[in-house]
Amino acid sequence: MIKFLDLQKINMLHQEAIENRLLAAFRSGWYLLGNEVKTFETSLARYIGASHAIGVANGLDALRLIFRAYIELGMMKPGDEVIVPANTYIASVLAISDNGLIPVFCEPDLVDFNIDIARIEDCITARTKAILIVHLYGKAVFSKELQRIVKRHDLKIIEDNAQAIGAEWKGMKTGALGDAAGFSFYPGKNLGALGDAGAVSCKDEALAQTIRAIANYGSIKKYVNLYKGLNSRLDELQAAVLDEKLKFIDADNARRRAIADYYAENIKNEKIILPVLPADPLSHVWHLYVIRTKNREALQSYLTQYEIQTLIHYPIPPYRQEAYREYNSLCFELTEQIHEEVLSLPISPVLSDVEVEHVVEILNKF
Ligand SMILES: *Cc1c(COP(=O)(O)O)cnc(C)c1O
């Protein structure tokens, strides 16, 4: 059986190092807002090339907190609009609507699944305050044109970097491209914790301080509350694990790239459209390897028969969900085509050459 993702195997790769860090954090007797979190925040900020990194409870909170902080700072207000790709994971949209902001959906590009930058200006109105770009499946989305658009319309760029830690655009890492970014360390992400965890990175000091305060009951000084905050802190145990695993992220991402290259070169089946290898290999960290096919159901059950696990990212777009009834009548053709055709193949740092070759062999016989 080839698992879609073998989390046990992934974490056991670094068993001794992780267990040592966990044990040290356990024995320290200090479990929140301590040295492990500080150390990880410093490591993450340095890795990304961002001025500030703030550990938080999960990826959704990371994004929610960014918008919330802009509201507290008077730079956005409920009713303002945020442009977001129509084909993202629902968390991107929840972060917007949870703050009383209005998501404005933009079609993606069928080739790389990311927001189509050429369509962004059509989505801009007098109320637009930000663009939430999502580096979907691990592929960085950014361009000079995007920079010109935000300058022309005085907008913020917020990055949903949940899937793309380590990806680069012109030598700069995602998470340091826009004004602020949200990271998820959900166990299945490229940098995964042993439970929920997340982080925000940003350029601006005031924004960083505001996010830090809101995530801690709206307080910087204990029992003095500046905002109606929440409790969204990264804990010491998760921070210790993440700080250890961050050392291996480049090697892990390189292995993912090698698998993607192998798939690209060897999958030969007219019924399957492969994801395009980007001109700059470092711009993609292959969180997911997503193919398209008109015969998805048949292909998925065929692969299941051969004990190859696949998943669909994602079966239903956010605006078609019951949770967003108010947007159910919207129609985005490319987004819907993507949701009908995509299938994610196994890809991970622990997938062996033999397994990858087997997946290819089975796929080519479909
Ligand atoms: C995983 C993910 C999130 C949410 O992260 P959690 O840690 O699960 O809250 C947000 N956006 C995208 C694109 C994701 O893949």
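Cβ from N, Cα, C; glycine included.
Bear in mind that TrEMBL entries carry predicted annotations, made automatically and left uncurated.
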Fill in the blank from the handout: For TrEMBL, the entry coiled coil belongs, out of 136-163, 220-247, 304-331, to 220-247
Completion exercise
Quick note, LYS189 (active site, proton acceptor): same-chain residues at least 6 apart with CB under 8 Å of its CB -> GLY59, ALA162, GLN163, ILE165, HIS287
Practice task
For the coiled coil (220-247), provide the mean pLDDT of the predicted model.
Solution key: 97
Exercise for the section: Determine, from DSSP, whether LYS189 (active site, proton acceptor) sits in helix, strand or coil. Expected result: coil
